[in-house]
Amino acid sequence: MTDASIIDTAREPVSGQPKEPSVRDYVSLLKPRVMSLSIFTALVGMLCAPASLNPVVGFAAILCIAVGAGASGALNMWWDADIDAKMRRTAGRPIPDGRMAAGEALAFGLALSVLSVMMLAVFTNPLAGGLLAFTIFFYVVIYSMWLKRSTPQNIVIGGLAGALPPLVGWAAATGSVGIAPLLMVGLIFMWTPPHFWALALFAETDYEKADVPMLPNVAGDAETRRQILIYALLLAPVAIAPAFTVAGGPLYLAVALYFNARFAAGAWRLRRRDEAQAKADKYAAEKAFFRLSLHFLFWSFAALLGEAALRAALGDYAAAMQLF
Amino acid sequence: MIPKEEHELHRRRRGRNFALGGALLAFVLLVFAVTIVKLSEGQIGSLQGY
């Protein structure tokens, strides 16, 4: 390809300055921040599993899950380029900004999807590969292509894609599915709606302009607050239950009880406020609840990791005692 | 004839080439490392049939 042909192609952005996508553009297609959550929860799922995976294979599996998550991000940006262009938060992404052709993102996303699924199946087992394929399919086809533009419940059902990584991590280690990883999936699944709706209450979003039906825009502020409370209450049993599985224990139980009590109290506080009160104190309670939701998820999974570390340490201790 | 002048476009393309080269090298090393682990753990037993 000659330089002239590159300059003449459709990649030329609105500014008229000829550009080629940089490495940074490709990295941003992978949605690194979303990817980091997938890596963390998949790692917890893998380390909590009652099976030991060689560290090298474990590292390779986590890399595959991370690449799979990134691939679904790239495919999402390919599909959503039209609505991304209409929203201020996303207008600077590589495709709507004209730095990258849409087809390039599609090819990049598809290639990484196939590679990550195939390699995870080879490195660990076909079940883990299949679950990763299902996660990518769910995020791209069920959420991005179907639900996102058609129902205000989009993030409720679509949240399943973001919830599946611990199950993939567990399956990579054990080759099977258990109640503990399913509860971890349930935890993230039930946590996602109140987390996002709290953000939607105070953040300046322009989903309306892009015709994306988000709950606060469609059903209003009061209904969103009611739904946040409902989901916070439904979340509690799902989030506490892992304490009584092979992955849980007293440490997790204590953390889960503490955060679920605070989460329910925070949701109740939001329910009792209205938009006028929120505007008066610049959405202080809504912002605090959003921050709490981030701590909730992080510490819940950190506690599960702590339980796994305790079991390993106590197991070694018990084994050492048996020698005497 | 290709102009000798360095353009922003060339810089980006070189960056992409290096990143792709690095990614391919990392991929090869990863597959090699996992293969060694699986061989040493005896998971690729079917190879002994040859």
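Every residue gets a Cβ built from N, Cα and C, even glycine.
Automated prediction, rather than curation, is the source of TrEMBL annotations.
The feature region 'Disordered' is assigned by TrEMBL to A:1-20.
Residues or ranges marked as transmembrane segment by TrEMBL: A:34-53 (among others). With a cut-off of 8 Å between Cβ atoms, the residues of this chain six or more beyond the transmembrane segment (A:34-53) that come close are 61-62, 65-66, 69-70, 73, 124, 162, 165-170, 172-175, 178, 180-181, 184, 188, 246-247, 298, 301, 304-305, 307-308.
Marked as transmembrane segment by TrEMBL: A:59-79 (among others).
Residues annotated as transmembrane segment in TrEMBL: A:100-121 (among others).
Taken from TrEMBL, the feature transmembrane segment covers A:127-147 (among others).
The transmembrane segment annotation in TrEMBL covers A:154-173 (among others).
TrEMBL lists A:179-202 (among others) with the feature transmembrane segment. Residues 41, 44-45, 48-49, 155-156, 159-160, 162-164, 166-167, 169-171, 214-216, 221, 224-225, 227-228, 231-232, 234-235, 238-239, 241-242, 245-248, 263, 267, 270, 278, 283, 286-287, 289-290, 293-294, 296-297, 300-301, 304 of the same chain lie 6+ residues outside the transmembrane segment (A:179-202) yet bring a C-beta within less than 8 angstroms of a C-beta in it.
The transmembrane segment annotation in TrEMBL covers A:228-245 (among others).
Per TrEMBL, transmembrane segment is recorded for A:251-268 (among others).
Residues annotated as transmembrane segment in TrEMBL: A:289-314 (among others). Tertiary neighbourhood of the transmembrane segment (A:289-314): same-chain residues 40-41, 43-44, 47-48, 166, 184, 187-188, 191, 194-195, 198-199, 202, 228, 239, 242, 247-249, 251-252, 254-256, 259-260, 262-263, 266-267, 269-270, selected by CB-CB distance under 8 Å and a gap of 6+ residues from either end.
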Examine the transmembrane segment (A:154-173) against the transmembrane segment (A:251-268) and state whether at least 3 Cβ pairs sit under 8 A, considering only residue pairs 6 or more apart. no
Please indicate, using numbers and ranges, the residues of the same chain that are 6 or more beyond the transmembrane segment (A:228-245) and have a C-beta under 8 Å from a C-beta there. 178-180, 183-184, 186-187, 189-191, 193-194, 197-198, 252-253, 256-257, 259-260, 263-264, 266-268, 270-271, 289, 300, 304
